[in-house]
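J.: Annotations for this protein, taken from TrEMBL, read as follows:
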- 21-274: domain 'G-protein coupled receptors family 1 profile' (DOMAIN)
- 6-28: transmembrane segment (TRANSMEM)
- 40-66: transmembrane segment (TRANSMEM)
- 72-100: transmembrane segment (TRANSMEM)
- 112-136: transmembrane segment (TRANSMEM)
- 165-183: transmembrane segment (TRANSMEM)
- 218-242: transmembrane segment (TRANSMEM)
- 254-276: transmembrane segment (TRANSMEM)
Amino acid sequence: MSKPAGITGLFIATLLLSFHGSSIYVAIKSNKQLQKNRFSVLSLFLSLSDFAMGIEIIYGSILLLLNSHGNAYLYQCMAVNHIVAGTVLASQFHTLMICLERLGSTFINKPTILHIVTSNVSVVLCFVLINGFALLRFGLDTLNGTFPCDQRYTATPSFLYSHDIPALTILILVVLCYGVIMYRMMKQRKTIGVQPVQNVSISVDIRSKNNIRMYKNVITLGAIIGLTLIATLPRSIAVFYSYSVGGSESALNFVWIANHVFVLLNPLFDPLIYAFTVRQYREHLISFSKCFKKPQ
């Protein structure tokens, strides 16, 4: 199974690097948008995190294709599995930070705690601490020796308590946060609707723009929540089931599928969500693609 996993990993990592490389280019190109929109800054950090994940997956896939079975090879594979898991968890936490930023935008005066939690320092600190903890987990696992270079063997108690349970907790917080956002947006929409406006045409125009904005937000938030659920739940359910039945072969095989398919759906499709919902992103992406066209 190592060669199919290596080929699958290289293919997915190539897509990851291509998509998020374009996202990073677009974000840097639209520098003015970054200065005006905090959401764009946090999206850039998320793309950088996912880009790092792509590099880690490429390295791990090359190891799988080499398949030397030596101790050095096995320890490297263990380290990559732990680091990729750490980066996945950091990316999910960055998604939560984006949710909190959206929540802050529903307030007239953004709460100080949200300013602190969604600051650049917090984002970088989150990435460093989570990956540092993943390296610590790798160090503790090496005390028990090596295990085969197969992500099915991430269905262990150490991963369960330090990765899957935190991932589920972050998922619940993301869903709750977006629920609060939607509630506040609908409440504000009703408030605007009952405010008396002397100019009827202006009132209709305001309501129309708010309806369009609400429609786009519903699509964006629904897509992000759906991706997060699909990316997180299958892996967590498989690990919980494997842990409860004592690591059956069928459960471990599903863990392998979850790691190579479901977990990577979120970083793969995030740029596509931006392309469909953010006008500035679409415009810069189209101009970026034109650079590769041959002159007539």
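Note: Cβ is positioned from N, Cα and C throughout, glycine not excepted.
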J.: May I ask which of the stretches 6-28, 72-100, 165-183, 218-242, 254-276 has the most CB pairs under 8 A with the transmembrane segment (40-66)?
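T.: Highest pair count goes to 6-28.
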J.: Would you kindly check 72-100, 112-136, 218-242, 254-276 and say which stretch has the most C-beta pairs under 8 angstroms to the transmembrane segment (6-28)?
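T.: Result: 254-276.
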J.: Against which stretches of its own chain does the transmembrane segment (72-100) lie, if we need a Cβ under 8 Å and a gap of at least six residues from its ends?
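T.: Distant Cβ neighbours of the transmembrane segment (72-100) are 39, 42-43, 45-46, 49-50, 52-53, 56-57, 59-60, 63-64, 66, 114, 117-118, 122-123, 126-127, 130-131, 133-135, 137-138, 141-142, 146-149, 151, 153-154, 159, 163, 166-167, 170-171, 173-174, 177-178, 181, 224, 228, 232, 263, 266-267.
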J.: In the predicted model, what is the mean pLDDT computed over the domain 'G-protein coupled receptors family 1 profile' (21-274)?
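T.: It averages 79.
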